[in-house]
Amino acid sequence: MATRTVAVVLAGGVGERMGAGRPKQLMEVGGRPILAHAVGAFDAHPGIGEVVVVMAPGHLREAAAITAPFAKTAAVIEGGATRTASTVAALRLLDDRPDDVRVLFHDAARPFVDRAVIDRVLGALDACEAVAVGVPSSDTIVVVEDGTVASMPPRETLTRFQTPQGFRLGTIRKAYELALADPGLRATDDCGIVHRYLPGVPIRVVAGSERNLKVTQPLDAVIAEHLASEEAP
Ligand SMILES: Nc1ccn([C@@H]2O[C@H](COP(=O)(O)OP(=O)(O)OP(=O)(O)O)[C@@H](O)[C@H]2O)c(=O)n1
Ligand SMILES: C[C@](O)(CO)[C@H](O)COP(=O)(O)O
């Protein structure tokens, strides 16, 4: 039977904010590349049938070597210039799959996604077409315009999105089809594309985890090393 659930690990970025001189997903934490942690989490999950890795240009061979030990790695493909373009590359690869296939998009830069978070996304996808993962904000978040506070949304309404974000393939495909026809397309995640271009589709939010951090700045690498040491057997 064809795979019903595909995890796409987005590793097409160059890690500019990390400033390591190479993509941060190739950096090691706990003795393993960040990419291996992320792919390993989906490989180990019984609800995931295959894993597609979208890698930064120039690093495909390295990514293939890192992910080869994982039995569910189905493809390592080249990403685009933006996260959005990397998602589109994965959707093109999945072009011939039926609309009811479930697809999870995950940042390779989040090495500590755990089974419970993936469980919640898959569980919600049984009843929903789009699912996000979020954690409450501990900080007060404000909108600043021209150096001045323009608005202060009530903190209890604010949620920090993480990944994986899960979709019925037909839904995310349609949302991107509309998005790609929009010359003003700008997005920082895949739920943002559904929210903007398919506003009638509810996006269910399930609980993420504070451990599911995105390794973005140099300090995050220090925190990630600490988290990895806690996980070591
Ligand atoms: N063209 C891109 C840009 C980002 N990503 C992926 O999207 C995730 C979140 O992006 P981010 O943390 O911004 O990673 P980078 O783009 O590498 O970081 P920076 O913005 O600092 O360059 C990462 O796993 C990254 O590899 C991607 O697949 N393709
Ligand atoms: C998808 C995401 O991780 C949700 O928080 C985030 O938007 C990615 O942003 P980035 O600028 O590509 O790191």
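Backbone N, Cα and C atoms are what each Cβ position is placed from, and that goes for glycine too.
Per TrEMBL, these features apply:
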- R17: site 'Transition state stabilizer' (SITE)
- K24: site 'Transition state stabilizer' (SITE)
- R155: site 'Positions MEP for the nucleophilic attack' (SITE)
- K214: site 'Positions MEP for the nucleophilic attack' (SITE)
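You'll find the Cα of R155 (site 'Positions MEP for the nucleophilic attack') roughly 21 Å from the Cα of K214 (site 'Positions MEP for the nucleophilic attack'). The local packing around K214 (site 'Positions MEP for the nucleophilic attack'), expressed as other Cβ atoms within 10 Å of its Cβ over all shown chains, amounts to 17. K24 (site 'Transition state stabilizer') sits 11 Å from K214 (site 'Positions MEP for the nucleophilic attack'), taking the C-alpha atoms as the reference points. A coil conformation is recorded for R17 (site 'Transition state stabilizer') in the three-state DSSP classification, outside any helix or strand. Highest local Cβ density among the recorded sites K24, R155 belongs to K24, counted as other Cβ atoms within 10 Å over all protein chains shown. The Cβ neighbour count for R17 (site 'Transition state stabilizer'), using a 10 Å radius over every protein chain in view, is 13. When secondary structure is read from DSSP and collapsed to three states, K24 (site 'Transition state stabilizer') falls in the helix class. Between K214 (site 'Positions MEP for the nucleophilic attack') and R17 (site 'Transition state stabilizer'), the C-alpha separation comes to 12 Å. Only K214, in sequence order, out of the recorded sites R17, K24, R155, K214 have a CB under 6 Å from ligand 2.
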